[in-house]
């Protein structure tokens, strides 16, 4: 289970410290493009489950094949160096709008990575009352997203 928000500087080569809390729990992992300009880091077992779903239905629509091409083209194994850093490729940084700082966000079974300006823009627009209303709407039985995995 991943939770919490961590901000880290990205060096000129695209290396960024992976938060220690996430390093302990990730083990082997894959980083890939996700929704809303985020990179998503999934533990290996989670990645296998995620991609199995798409692999089994890969020929079902042109749209799904296009999605899979981009998903796999942008996917990389997460390699942590001796200093606890991972490398974000130029394509990853561009996709997630990461300049000099990245934000790591634990979201249940995955870790999302996004540029600091994007994160700050989103969190600034969700005041406590809006957060409560959103939670209430999503927790109602039959609501879109209620009980669905990430």
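Yeah, the Cβs are placed from backbone N, Cα and C, and that goes for glycine too.
Bear in mind that TrEMBL entries carry predicted annotations, made automatically and left uncurated.
Taken straight from TrEMBL:
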DOMAIN    5-46  domain 'SpoVT-AbrB'
DOMAIN    75-118  domain 'SpoVT-AbrB'
REGION    124-150  region 'Disordered'
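Helix, strand and coil counts from DSSP across the domain 'SpoVT-AbrB' (5-46) read 13 helix, 19 strand, 10 coil. Looking at the domain 'SpoVT-AbrB' (5-46) alone, the prediction's average pLDDT is 94.
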